Amino acid sequence: MEKQVRVRYAPSPTGHLHIGNARTALFNYLFARHLDGKFIIRIEDTDVKRNVAGGEESQLKYLKWLGMDWDEGVDVGGEFGPYRQTERLDIYKKLYEDLLERGLAYKCYMTEEELEAEREGQIARGETPRYACNHRELTEEQVKEFEAEGRIPSIRFRVPANRDYTFKDIVKDEVAFHSNDFGDFVIVKKDGIPTYNFAVAVDDHLMEITHVLRGDDHISNTPKQMMIYEAFGWDIPQFGHMTLIVNESRKKLSKRDESIIQFIEQYKELGYLPEAIFNFIALLGWSPVGEEEIFSKDEFIKMFDAARLSKSPALFDSQKLKWMNNQYMKKQDLDTVVELSLPHLVKAGRVGETLSEQDQAWIRDVIALYHEQMSFGAEIVELSEMFFKDHVDYEEEGQEVLNGEQVPEVLRAFAGQIEALEVMEPAAIKAAIKAVQKETGHKGKNLFMPIRVATTGQTHGPELPNAIALLGKEKVLNRLQKVIG
């Protein structure tokens, strides 16, 4: 009988949920759900200095917002807990003490200064820096001497000599490392806290993880973890290392690159939809069969095949994300779109926090004008700018339109029609434009474009009669007058 698939997402609580980490979580989630397996969340919090207050809560909150759930973890429990590494220190202690007893690990008393001097010497000689194993075979006398000096040891794993470590990677196929390229590596720091590679190998085994899907920046950790598995006689899980995410310059996505929004929390704040972000991330380094790109969560679960994970870097295309979110925005009801947009108009000072019924209805109609066009909630501030200004500026293309010979005649006639209207409604404005056509003989672009540019300042935009109705009589007449002179 085959083992049940068990995968994990194991973030460090060092900050908010990044797009790259979200992708790792998502691919593990889809892999588990597709194969009726278990998805586990484990918190790797042993690097206490880097942990951020609220980091763990933020990770979990935004994974949930994206639509993921998990079977075991810090907040839901499970039979393989605890799921927070700082609560597993006794487990690690028993195991590294076992390695020490069997001579597969040893105490290293070298100071940071000695290690740095060794490293600098290797670089000066043109060698690849690695620990030279100086404290591998210390005598009892040397140990006593170091301890008398007050030196606190770290614990290093004794790397086997002349060994090949190969594994079949789910993404990269055959991957090979040679043990002679590694120095003996630290498995327990001087403060008694296990290092990443030791704790991860122990946790993955004890939690019965069958597949480890992670970013390929972890690939060099894999042979070290394999050595630890081997030292304990444990079965090695299957590894899959997903390619990097790159920006439009084909450089690795860096958290320091502020030209790209990279944290899930920021997308939520901007009024993006979780389903769209889920969809977009699922296609960052994985592709379905066929050309279709819009899928529901259930569709992704049904068709997810790890064999289709890409070997090439995944391009983070911000414009494509906007396009994708727009596809999802179009499907939302107006209430949802208002909910995503209105807070941004309040924040920009366009409307107050409390609105009269009349103002609520008006702003709802303004947002409705852009429902089909809007990429994300915050975009409403820029899109609807013309409704909140007394005067409009004309783009170069718009100015050319207003230079037409027929423009004064068309705009005067239209101003007369608007002046006569008792109620500014789209149907009445449509009728007014038709009346101008009859009166002046101008039609098509020669009729519509001057009216659009003079009233909205734009050559393209929402339905003209609806926009003019919402602008209101006073604003429209003022703008027409400004052009007529």
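Placed from the backbone N, Cα and C atoms, the Cβ positions cover glycine too.
Per Swiss-Prot, the stretch carrying the note motif ''KMSKS' region' among 42-46, 57-61, 147-151, 252-256 is 252-256.
Within the listed segments 11-21, 77-87, Swiss-Prot records motif ''HIGH' region' for the stretch 11-21. Residue density at Lys255 (ATP binding site): 13 other Cβ atoms are found within 10 A of its Cβ, drawing on all protein chains shown. In the predicted model, the motif ''KMSKS' region' (252-256) has a mean pLDDT of 81.
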